[in-house]
């Protein structure tokens, strides 16, 4: 049994042209791969912040590899068919990496809290073993929360086999079923509320404590340094959660929004973080800038 991916409804004739912006696939692979290579190669960057950043970029790469190869085959070669098991596997990796990414952002918020509020105890509190446990907890959260989605879908009978999407989105597949889909819909909403709601509360709590500590500082330079320490992480939070929340709200409430707008938003919220995370950390993190400059100087010499 196979599903058929429609692509972007109403814009099928423009699929070839629409594929051009998705060449960011190469940019994502190169930029994330370069940062990961540098983090692995430089012992001075084996600190908690950069180890968490490396885990975040691995999640970004997995999400991109789960989405873009099939999407580009659809756009370029009109290869629309996808086996049911392959569809459920793609769904698991795309949604699972989104949950892992969100959990890692919570861990990075805790990292920034310790860096600003307890700088003298930073290396004691955030040991490599703790970072490893935080990474395993993020992975476990992604697997435990997302694995029931394809398992619940396997019990359904499908009346339609055409998915009006560019990938196997959970809600897009649920809408094809003939059976009662309330358990699937309720569980999907539960995951969104638990992941986005709880994670944003934890991140907000961390930054509330950071802001409280910053207000107590008397020196302007100290305040600037403390805020600059968190700036890259704050930018990443914005580009991760704002498109995701906007896409989720328009999918459920925006009944007057054209279908192709929903699909484009759903693709962008998956790809924008992967595209901009290396740029943000490259621009806002002095250590990475210095290492990049050294690598370029070595090659030039």
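Glycine is treated like the rest: Cβ placed from N, Cα and C.
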> According to TrEMBL, which listed range is transmembrane segment: 51-77, 159-185?
Replying inline: 51-77
> So are the transmembrane segment (262-281) and the transmembrane segment (20-39) touching or not, going by 3+ C-beta pairs under 8 A with a sequence gap of 6 or more?
Replying inline: yes
> Are the transmembrane segment (186-210) and the transmembrane segment (83-110) close enough that 3 or more Cβ pairs fall under 8 Å, when only pairs 6 or more apart in sequence count?
Replying inline: yes
